[in-house]
Amino acid sequence: MTISPPEREPKVRVVVDNDPVPTSFEKWAKPGHFDRTLARGPQTTTWIWNLHALAHDFDTHTSDLEDISRKIFSAHFGHLAVVFIWLSGMYFHGAKFSNYEAWLADPTGIKPSAQVVWPIVGQGILNGDVGGGFHGIQITSGLFQLWRASGITNEFQLYCTAIGGLVMAGLMLFAGWFHYHKRAPKLEWFQNVESMLNHHLAGLLGLGSLAWAGHQIHVSLPINKLLDAGVAAKDIPLPHEFILNPSLMAELYPKVDWGFFSGVIPFFTFNWAAYSDFLTFNGGLNPVTGGLWLSDTAHHHLAIAVLFIIAGHMYRTNWGIGHSLKEILEAHKGPFTGAGHKGLYEVLTTSWHAQLAINLAMMGSLSIIVAQHMYAMPPYPYLATDYPTQLSLFTHHMWIGGFLVVGGAAHGAIFMVRDYDPAMNQNNVLDRVLRHRDAIISHLNWVCIFLGFHSFGLYVHNDTMRAFGRPQDMFSDTGIQLQPVFAQWVQNLHTLAPGGTAPNAAATASVAFGGDVVAVGGKVAMMPIVLGTADFMVHHIHAFTIHVTVLILLKGVLFARSSRLIPDKANLGFRFPCDGPGRGGTCQVSGWDHVFLGLFWMYNCISVVIFHFSWKMQSDVWGTVAPDGTVSHITGGNFAQSAITINGWLRDFLWAQASQVIGSYGSALSAYGLLFLGAHFIWAFSLMFLFSGRGYWQELIESIVWAHNKLKVAPAIQPRALSIIQGRAVGVAHYLLGGIATTWAFFLARIISVG
């Protein structure tokens, strides 16, 4: 009798669990179901605070890394759903309440508006005349310019896109549920970094850029070419016609073969010159629109796509070829770094806080870089001459960057407290940084003191000399010059270098560094930004505030686990008010407290940056251009002589430019006047939480409870004063909200009036 061997089944790695967590609305309806203590319900009013503090702190729900990973993954889909709903709302406003088509016909004469206020009790005053007979609120998001660059020519297309956004949101909500409750990935899937890198680089960034490049070439470029030539939007063929009908493209770009297969042959045979009509290397700005050449940006996205698709094939997965991240990290040893990056692979695959800290620091820095590039090289048509939008985009990306960087430090400190394992990090870079943290922090402290006294001292000197009537003894372009020679050298270098490094480019990347004035519709789009003593001085204020922010945040991370004062700090957790009773002088030392203090300095820092930008641009860049080429700036170049004293900043910037928001009542800008007042109030309200003692409120509450008891209306849930940390959290939140909204109202009322 012969026994046949069992059929060999191909081995398949199972990377999901089926139906791991039941879908229970009954469970979700119970507040605090994720925490045993909270689930019992409220005994005191502290319960509602803890409910909010812990709802998304998945580390406290379970210690199982796989379950935590799944919750984070699922939450990402929920976040994306919210983003799609929000974007859909933006597009819907563009479709239903905007003057987009009128703006498209006359982008220099008509202002963008996508919101019309209902006149319930006289709010109709807010609907200002934005041109072309349309009355609404002027928007400063830059969406109109983005839509034009995308090739959107009518409001129906916006409507369709808005519906598409809702469909995507629904898909994301489904995915978030499906990947937690039905098919949940195993931990090894989350830790498979090579596969993740390949997919994110080649798929998300590579194919994403390729898809956008394809859209730009086949839809954006032909439509924008026709718009620039003065063809009415309603006479331009619809996007799909350019894709399906090659003869339309052949009319606009005759020297290219637009055949379905023959069109891509030059790409793979390296005959790239065939595409030079629409994949250009012009450099500089399009003189018609004041934006980057869309043919340059299409070229850029195609190049980026090629690079990232290659990058997405570099990491070792199923075929045993390519890089292994663990090997790269463990081989990375410098002459002074001991065991180098050994152990970091384990850190970054088991601590999502460590991963998030790096990502937040990188994304925050990137957002700040985006802010700088948006005005120097405006990417969309007619963006550069829309001054309110330019100011808003700069301010927005600076604030976002600041918050993300602080978030990076916050999660760095949480990683140190919750996830750091000293035994796994022996003499590697992380361990060595922690061992010489005193040297790092004391040096940083010295730098902060030096920068603070010297930068502020220059201003104090100038205020004093001006008060004494001795202008020749002031630091200024006409007195004692402190020219930013290195910055001027960099500007000059960047103006000249492309001639050698990019000989085929027609112009340098940005005229901010040097070149001719680019004017659109009689307004300055961009021109060389001349730097002088005033810029040198405020630059050192920037250096000072950045270094203080870094000092606070880095100290919080490096001393999160222990310090000479509290050697066992790691046992107290990420946030604790004091190590007491019985140990004086140990308050405000937790990782959380450093984030709290860091937020205030981040706010200081970004405020000075956006004030500098706003005034510098109004003084030296933005303005009107006469037919003979003379430029009249909004504030007539007063930055160089006024921004060199503290009094100048107070009088000629804050006070002089606040006149529009203060005098906005009775005009379409009156909402900004109300916001200006209201946000000051919110800011002042924050001080009540920041300068208060917990015991004071607890005593007050107890006497109020006594009165309620007398009247037999005592509450079942015992009222409690906010804890020290809750009070600080409420305080810093209102401080930032009030400060940012005040700045927003101040900036917009000003720039909409004069821009």
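Glycine residues also receive a Cβ, built from the backbone N, Cα and C atoms like all the rest.
Going by Swiss-Prot, these are the annotated features:
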- 1-64: topological domain 'Cytoplasmic' (TOPO_DOM)
- 65-96: transmembrane segment (TRANSMEM)
- 97-155: topological domain 'Lumenal, thylakoid' (TOPO_DOM)
- 156-179: transmembrane segment (TRANSMEM)
- 180-192: topological domain 'Cytoplasmic' (TOPO_DOM)
- 193-217: transmembrane segment (TRANSMEM)
- 218-293: topological domain 'Lumenal, thylakoid' (TOPO_DOM)
- 294-311: transmembrane segment (TRANSMEM)
- 312-352: topological domain 'Cytoplasmic' (TOPO_DOM)
- 353-376: transmembrane segment (TRANSMEM)
- 377-386: topological domain 'Lumenal, thylakoid' (TOPO_DOM)
- 387-418: transmembrane segment (TRANSMEM)
- 419-436: topological domain 'Cytoplasmic' (TOPO_DOM)
- 437-468: transmembrane segment (TRANSMEM)
- 469-532: topological domain 'Lumenal, thylakoid' (TOPO_DOM)
- 533-558: transmembrane segment (TRANSMEM)
- 559-590: topological domain 'Cytoplasmic' (TOPO_DOM)
- Cys578, Cys587: [4Fe-4S] cluster binding site (BINDING)
- 591-619: transmembrane segment (TRANSMEM)
- 620-668: topological domain 'Lumenal, thylakoid' (TOPO_DOM)
- 669-690: transmembrane segment (TRANSMEM)
- His680: chlorophyll a' binding site (BINDING)
- 691-723: topological domain 'Cytoplasmic' (TOPO_DOM)
- Trp697: phylloquinone binding site (BINDING)
- 724-753: transmembrane segment (TRANSMEM)
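Structure with Swiss-Prot features highlighted.
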residue: Cys578; record: [4Fe-4S] cluster binding site; Cβ contacts under 8 Å, 6 or more apart: Thr586, Cys587, Gln588, Ile724
residue: His680; record: chlorophyll a' binding site; Cβ contacts under 8 Å, 6 or more apart: Gly738, Thr742
residue: Trp697; record: phylloquinone binding site; Cβ contacts under 8 Å, 6 or more apart: Ala721, Leu722
Same-chain residues near the topological domain 'Cytoplasmic' (559-590), Cβ under 8 Å, at least 6 residues beyond its ends: 412-414, 416-418, 420, 437, 441, 597, 723-725
Highest Cβ pair tally under 8 Å against the transmembrane segment (437-468), stretches 65-96, 387-418, 533-558, 591-619, lands on 533-558
Positions whose Cβ lies under 8 angstroms from the transmembrane segment (387-418), at least six residues beyond its ends: 59, 112, 138, 140-142, 145, 347, 351, 353-354, 356-368, 370-371, 374-375, 378, 549, 553-554, 556-557, 560-561, 569-570, 573-574, 591-592, 594-595, 598-599, 602-603, 605-606, 609-610, 613-614, 617, 622, 740, 743-744, 747-748, 751-752, 755
Which of the three DSSP-derived classes (helix, strand, coil) applies to His680 (chlorophyll a' binding site)? helix
What counts of helix, strand and coil residues does DSSP assign across the topological domain 'Lumenal, thylakoid' (469-532)? 19 helix, 9 strand, 36 coil
Quick one: DSSP breakdown of the topological domain 'Cytoplasmic' (312-352) into helix, strand and coil? 15 helix, 2 strand, 24 coil
Take the C-beta pairs under 8 A between the transmembrane segment (193-217) and each of 156-179, 294-311, 533-558, 669-690, 724-753. Which stretch has the highest count? 294-311
Counting only residues at least 6 beyond its ends, the same-chain positions whose CB falls under 8 A of a CB in the transmembrane segment (724-753) are 49, 138, 140, 387-388, 391-392, 395, 399, 575-578, 587, 592-593, 596, 599-600, 603, 607, 610, 614, 618, 657-658, 660-661, 664, 669, 672-673, 675-676, 678-690, 692, 694
Relative to the Cβ position of Cys587 ([4Fe-4S] cluster binding site), how many further Cβ atoms are located within 10 Å? 14
Per DSSP, how many helix, strand and coil residues does the topological domain 'Cytoplasmic' (180-192) have? 7 helix, 3 strand, 3 coil
Counting only pairs 6 or more apart in sequence, are there at least 3 Cβ pairs under 8 Å between the transmembrane segment (533-558) and the transmembrane segment (591-619)? yes
Structural state census, the topological domain 'Lumenal, thylakoid' (620-668) (DSSP three-state): 21 helix, 6 strand, 22 coil
In three-state DSSP terms, the structure that Trp697 (phylloquinone binding site) belongs to: helix
Mind checking how the topological domain 'Lumenal, thylakoid' (377-386) divides into helix, strand and coil residues in DSSP? 0 helix, 0 strand, 10 coil
